[in-house]
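> So Swiss-Prot lists these for the protein:
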- 27-47: transmembrane segment (TRANSMEM)
- 72-92: transmembrane segment (TRANSMEM)
- 94-114: transmembrane segment (TRANSMEM)
- 132-152: transmembrane segment (TRANSMEM)
- 168-188: transmembrane segment (TRANSMEM)
- 199-219: transmembrane segment (TRANSMEM)
- 236-256: transmembrane segment (TRANSMEM)
- 263-283: transmembrane segment (TRANSMEM)
- 288-308: transmembrane segment (TRANSMEM)
- 338-358: transmembrane segment (TRANSMEM)
Amino acid sequence: MLVWLAEHLVKYFSGFNVFSYLTFRAIVSLLTALFISLWMGPRLIGWLQKLQIGQVVRNDGPESHFSKRGTPTMGGLMILTSITISVLMWAYPSNPYVWCVLFVLLGYGIVGFVDDYRKVVRKNTDGLIARWKYFWQSVIALVVAFTMYCIGKDTPATQLVVPFFKDIMPQLGLLYILLSYFVIVGTSNAVNLTDGLDGLAIMPTVFVAAGMGLVAWATGNVNFAAYLHIPYIRHAGELVIVCTAIVGAGLGFLWFNTYPAQVFMGDVGSLALGGALGTIAVLLRQEFLLVIMGGVFVMETLSVILQVGSFKLRGQRIFRMAPIHHHYELKGWPEPRVIVRFWIISLMLVLIGLATLKVR
């Protein structure tokens, strides 16, 4: 909204023209979200401790996690607040793509909040009933998917970009809605599954958001889009502001979530962040790229699917415990080692994903 204000003030002082530059707004969006998150952290943690809103640890989990019982959770509230304020300050309010991401972010945040509330206040370790969680995730995803289809059905915004092939971009039509639905819901749940160790989910989220921010900048620039042979999407540039806000809020949260964590993000954070990343990828037509960049999330999800499938079909487990980060814990890896190695893998995958934009 400051952009609109600056447009009115620029006639009085030309210096306000800096607010029209995307790179400037991206940087200050990151810093704004970072500082808000750092400011909120101690206050939110103190408030959660006062209300005794602490993590509920399952009895069948790794023994090393029993010491985490009672650690404040629902810290995702600081992430969502930081992102929302920063985006509203620095993005163009007229951009429909920005509102699509915010709708998913806040909608999934509410679903996650209800889930966390049932866990930590009602002391129900199962949280929100799975079918109801999936129902509301589906409703939100379908509303946004249909909205995005209506916005972009007559533009390249409904094409499917295939890595390594610059001339293969099929027009999806109504299938765009179905694909968008699965990407948004799937990414949301994948990040949620990854959020099992201190800082494990937030850094891959930061890396992927940073990578998607670069893609958004290229997609919204007609010259770079043509150079990289990706669809030029007029509204996509403003998603850079959303991505940098996620990066800033994520780094601010990591300040308090790094091992040993002072606060956990809870489902209010993980479901919302995953949904936001999925929505951004769909808007940029980079669903395949998200699979590469978010490979850690994919790996965690596949480990659960394989574990459950193997146990039901053969009566045997593939891993000592799923998601796979627990498998390495039970193998004797210290928690910080698991976390940092997964971070390194995530960074490598984001760089590989960015490289695929040119390798065509």
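The backbone N, Cα and C atoms fix where each Cβ goes, glycine too.
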> Hey, which of 72-92, 168-188, 199-219 has the most Cβ-Cβ pairs under 8 Å against the transmembrane segment (27-47)?
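Answer is 72-92, with the largest number of Cβ pairs below 8 Å.
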> Could you pull out which residues elsewhere in the chain have a CB under 8 Å from any CB of the transmembrane segment (338-358), counting only those six or more residues past its ends?
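Same-chain residues near the transmembrane segment (338-358) but 6 or more away: 163-164, 197-200, 203-204, 207-208, 210-211, 214-215, 218, 228, 230, 259, 289, 292-296, 325, 328-329.
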> Let me check one thing: do the transmembrane segment (168-188) and the transmembrane segment (263-283) come into contact, meaning three or more Cβ pairs under 8 Å with sequence separation of at least 6?
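Contact criterion met.
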> I'd like to know if the transmembrane segment (94-114) touches the transmembrane segment (288-308) in this structure, counting it as a touch only when three or more C-beta pairs sit under 8 Å and are separated by 6 or more positions.
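They are not in contact.
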> Counting a contact as 3 or more Cβ pairs under 8 Å, with residues at least 6 apart in sequence, do the transmembrane segment (199-219) and the transmembrane segment (94-114) touch?
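Judged by the Cβ rule, the two regions do not touch, with the required three close pairs absent.
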